C-alpha cells in the first residue's frame, strides 16, 4: 500500500486513461462483431446471443449511438435480406434496449422512411416485407415518442394507461385511433409473412423460413399488449359516449380481433414457435362493449418466453448458419449403419428368413443409453442450479453480516453524539441557573423584566427541543437494538435452514449417485452379456466382420462415456464437500459475531439505564423551571392589569377617548384569548413539563384585557351618564376578577381549580355595553350589509354593461348621421369611452375577487353577513364606492350622448372622466384597507386601477383634441384699426378677462362649499376626518396624498340612501 501511495498522480491518471481506452476499444470491437454477425445478407435468422450483446451494449452506454454508428454503414439499399435482418435487430433494440434508445432512433427516422420507400417500388419478396416492417417501426417510434409514459415494450399497468389517456374524452378517442393504427401495422406485417410461407412443418423448420418468421415473435408480444389496450380504451369510450358514435370503432376492432385470432392460431400450429414462445389464446367472440359488465370477463393475454440458456462459444466459429430448431434427433451412428445392414441383407439375406431379435435389443439399448445420457445432463444442470442458489444465499448472508457491522458502528457513533449532547445540556442547565438568579434579582426593575423574560423563554425552548431530541434518539437506540436482535435471530434461522438445505441436497445427490451407479452396473452387465452374444454371433457369422467391428467401436465409446460420467460425479462430490466446509466456516464466524453483538448490547443497555436516570432528574428540574416561568409570567400579567386598573381612576386619563367599535373589537379579541388561556391551562395540567402554550396565552390575555379595560374607560368618557357609570364599574370588576384568576394560577394548591368563567362574564358585559353605544346606521340594518354589498357590486357591473351597449348604439348612429372630421372626432371619443368602460369592468371584477379573498381570510368561523356587520364602516365605504363608480359610468354615457348630438359640452365629458377616476380610486382604497399587502389579487386590482386612470386620461385627451378640431378660430385682423380703436379693444378685452376670472373664483368657492356639503351628507364632519379610528383614516389618507393639489379628497363614502354628489353641470357656463 505504501508503494502505491508514493506513485505520482500523473502516472495514475495515465494508467486510468489507458484502461478506459482499452475498455472502450474492447466494447466497440465486441459491438461491431455482434452487429456484423447479426445483420448480414445470409438467409438465416438472427441469433439470440448476438442480439442480446447489442441490447446489453445499449444499456452500458445508455443509448444506441454505437449501434447506429455501425448500422448506418450497411448497404441497406443493395440487399433486401440485409434490410430485413436490420429491421429485426432494430425492433429488438427498441423493445429491450435502454430507455434512451428511442430518442437516438428518432434522429434516424427519416433514413428509415427512405429505406421503406425504396423497397416499396422494387419487386422483391423480402422487399415487400422490408417496406411493411419499416412502416411498422416508424409507427412504433412515433407512438412512443408522443406517449412517453408507455415504453416501447408496451409493458405498463392499467393505472399508467389510464393516466396516459387522461380525463378528456377527446384525448381518449385520439389515443384509441393511434392504437388501432399501431395494431394494423403489426397485423399487416404478420399476414404478409405467413402468406409468403407454406405453413407446413418442412418450411417452418428451414433456415429460410425461420429468417422470415423470427421477427414475428416481437410482433406477437406487441399485439398481445395492444389488444389489451384497445379493449380497455373502448370500454372507457363506451362509458362516456353514445354507442352510435362508436360504431366505426367497434367494426374496426372486430376486424382486428378476427385477424389477430387467425394469426395466433396459425402461429401456434407452427413447430418453429412451439419452443420459442407460448402464444395466448383469445376468446371465441370479441367483448361486448355495449355491456359494461363484460369488462370483468376480459382476461389480459400474456405471452410467455421460455428461459433457454444458449451456449456461448468462446471462439468465433459461429459464422456458419445453424437452424434454431434441430430437425432430427436420430444419432449419426444409426444413419451410418442402416445402409450397411441393407447391403448385408441384400447379399446374404436376413438370418432365418427374417430380422434378428438381437438387432432390436441393440437398438433398444442405444435408445436407453440416449435417455440415460439426457437424464444425466438434467441431473448435472439441477446440481449446478442448487450450487448457484447456495452460493447466492452465502453471499446474502455475508451482506447481512456487513450490514449488522455497519449498524453497530452507527449505534456507537450515535451513542457518542448523545453523550456530547448530554454534556452540552448540562452546560446549558448551568447557564440557565445563572440566568434564573439574575432574573430574580432584576424583578424590581420593570424595564429589564421583559428582556430577561424573553431570554428565559428562548432558553426554555432550547431545553425542550434538546429534551425531545434526547427522547427521540433514545427511542431510535432502543429500536436499533431490537432490530439488531431480530436480525441476529434471522441470521440464526437462515443458517439453520442453509445447513438443513445442504444436508438435504447432499442426501439427494448421494441417492442419485447410488441410483446412477446401480444403473451403470446394470448397464455394464447387460453390455457384457450383449458382448458375449456378439462374440457368439461373430463365431457363427464370419461374413459379418465389418458389422462386429462397428459394434466394438460403439461399445468402446460407451465405455469412455461411462468413465467420463464417473469423473463428473467425483467432481460434484468434491464441490459438495468444499461447499460444506465453507458453510461450517460461515457458521463459526456467525457464532463469533453473535457473541460480540451480545456484549455490545449489554454495554448499550447499561448506558441506556444511566441516560434514563439522568433524564428523570432533568425532567423534575424542568417541571420546577416551567412553574417558575409561569409564576414570573403571572407576576408580569398582574402588574399589567394593575396598571390598567389604576388608569381607570387616573385624572390624566379623563381626556382620553375611544370609539365603541374599537372597544367591541378589543372585547372580542379578549374573549378569544380567554379560550386560548383555558386550552393552555388544560394542556399544562396534562403535561406539566411544557408551559409554553399557557405562557403565550397568558401574555396575550393580559395585554388584551388591559387594552379592553383602558378602552372601556376611555369610551365611558364620551358615553351617556348611565352607560358611562355601568361601563366604568364593569371595567373595575373586570380588573379585580382577572387578578383573582391570576392569583389562583400562581399557587400550586389552587392551580387545578382556576377557572376564567367569571372573567368571561364581565368581558361579555363590556362587549354588550359597547354594542349599545355603537351608532346605528341611517336606513340599513347591520345584517343587511352583506346582501347590499353583493347587490351594489352586481348593479355596478350591470351599469357598466349597459353603458357599453349604449356607446355601441351611439357609435352606429353617429356613423349614419355624420361624416368627415365630425365622424372621426365622434368615433375617437366613443372608442376611448368604450375602452374606459372595459377597464372599469375589469376593475369591478378584480375588486369582487379581492373582496371575496378578504372575507374568506378574515371571517374565521363567522358567516359572511356577520363579517360585514362586524366591519360595518368598511362595508359602508365599499358600498358607497361601488355606487359612485356605477353612477359615474351612467353620467359619462349621458354626457357622451350629448356631445355626439352637439347638445352638450366637451367639458362635461372631461369632468365625468375625472369623477370616474376618483370613484375607482375610492373603490381601490376601500378594498385595500382590509387586504393583505402580499396578496396577488391586490396587485391585480392596483394594476386595473392604473389602467382605468390611463383610459380616463385617453378620454380627456380625445375630447380636447376633438374640441380643438371642431372649434372655428377666427383670424384676428387688426390692420384696419387706428391706435385709439386698438386701445379701446384692449380695454374691453381686459374687462372681459377680469369678469371671467371673477366668475372662475366664484365657481371655485362654490365647488368648495359643495364638497363640504358632500362630507356632511356622508356623515364625516371635516374636523373628524383626521381624528377618526383606523378604518376612517385609511379611507381619507389615500385621497389626500393625490399628486393633484386642485382635486379635493373625495374618498369618503356618501350616505347609503343617496346618490353621490358632484358639482352641477351649470358651473361651466
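Yeah, the Cβs are placed from backbone N, Cα and C, and that goes for glycine too.
Predicted automatically and left uncurated, TrEMBL annotations should be read as such.
As recorded in TrEMBL, the features of this protein are as follows:
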- 355-459: coiled coil (COILED)
- 977-1013: coiled coil (COILED)
- 563-575: compositional bias 'Basic and acidic residues' (COMPBIAS)
- 580-591: compositional bias 'Low complexity' (COMPBIAS)
- 592-609: compositional bias 'Basic and acidic residues' (COMPBIAS)
- 1026-1035: compositional bias 'Polar residues' (COMPBIAS)
- 1038-1055: compositional bias 'Low complexity' (COMPBIAS)
- 23-151: domain 'ENTH' (DOMAIN)
- 777-1018: domain 'I/LWEQ' (DOMAIN)
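In terms of DSSP helix, strand and coil, the domain 'ENTH' (23-151) has 94 helix, 0 strand, 35 coil.
Same-chain residues lying 6 or more positions outside the compositional bias 'Low complexity' (580-591) and placing a CB less than 8 Å from one of its CB atoms are 394, 397-398, 401, 491-492, 495, 498-499, 502, 506. Remote same-chain residues near the compositional bias 'Basic and acidic residues' (592-609) are listed as 401, 404-405, 408, 411, 415, 474, 477-478, 481, 484-485, 488, 491-492 (criterion: CB distance under 8 Å, separation of at least six residues from the stretch ends).
When averaged over the domain 'ENTH' (23-151), pLDDT in the model lands at 90. DSSP states for the compositional bias 'Basic and acidic residues' (563-575), grouped as helix (H, G, I), strand (E, B) and coil, give 13 helix, 0 strand, 0 coil. Beyond its flanks by at least six residues, the compositional bias 'Basic and acidic residues' (563-575) meets 376, 380, 383, 387, 509, 513, 516, 520 of its own chain at Cβ-Cβ distances under 8 Å.
For the compositional bias 'Basic and acidic residues' (592-609), residue counts in helix, strand and coil come to 18 helix, 0 strand, 0 coil, using DSSP.
Applying DSSP to the compositional bias 'Low complexity' (580-591) sorts its residues as follows: 12 helix, 0 strand, 0 coil.
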